[in-house]
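Colleague: According to TrEMBL, the compositional bias 'Basic and acidic residues' annotation covers 1-17. Annotation comment: TrEMBL describes 38-48 as compositional bias 'Polar residues'. Residues annotated as domain 'Fibronectin type-III' in TrEMBL: 51-144, 170-255, 282-336. According to TrEMBL, the feature region 'Disordered' maps to 1-50, 126-168, 206-226, 245-277.
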């Protein structure tokens, strides 16, 4: 249940005032005039300047790639990964500043991609590095998004006993911890070993396959943009070295829609004070910490009690509602 909420308005910066062209093109190669060391004269640089290094493709499948990089000097607030999809459309993937790897889903088999990773500080791009990679070949043995659990699928057949790692990671206890008319929160456990990352797959209400990459340290995720009263089957894969090592699945319907509060009041008024928890979680100080022509960074505080997770909702330039799931430990997010 939504316990508390805060709101804020933001207007993205004017492109001309910001000194950028009408639309920032996704570069197809390293811009000739962009030199990492020349973005600011030596006298203007900070004593410890944030630097991006060693961007590379660490693993590849027919429909995804995992990238890794290092930050040997000062940290970045966040990262932005840009690339073009198989149809040539620009894509942007915001990444938390503490991350050093990311899995890019929804790619096409046997295709070369060029990735541009930007390091952001104060909402500005201060460093840029690029790399290229080719996705694997798709074939008949490639596992499609399953409609039901294959009876013959056993995680142990991924490798022989002689090739198995000393402690093999195991996925267990996938369950639905909460559900609303348009979202579901899933939780799971990893009793043995660890995974590099996870991939959640499911089909939307229109039957289209969806893939949601998840950090290897996570044990829960909120799936947004679901349809009310619709049954979903979720498949969670544990990945290591770019390969699916283990899998768990679960079915769940999304919750029946509730009558909308005409006043838009906070949902906690539905409960009487006697029903409220002893330590009530509180959201405060939502503000825009930085803004660019095509993104905004928001920050907030939680002075009392923790939240399991957050959901940021807004309408895009076309008036369409958007929902961005955020981990419960976060206190900032970049909206791309």
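Cβ from N, Cα, C; glycine included.
Since we're looking at a predicted model, the values are computed, not measured.
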Colleague: Do you know the mean pLDDT across the domain 'Fibronectin type-III' (282-336)?
Modeller: 86
Colleague: Cβ under 8 Å, sequence separation of at least 6 from the ends of the region 'Disordered' (206-226): give me the contacting residues as numbers and ranges.
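Modeller: Residues packing against the region 'Disordered' (206-226) from afar: 63-64, 99, 102-106, 144-145, 177, 181-190, 194-200, 232, 234, 239, 254, 308-309, 311, 323-325, 327.
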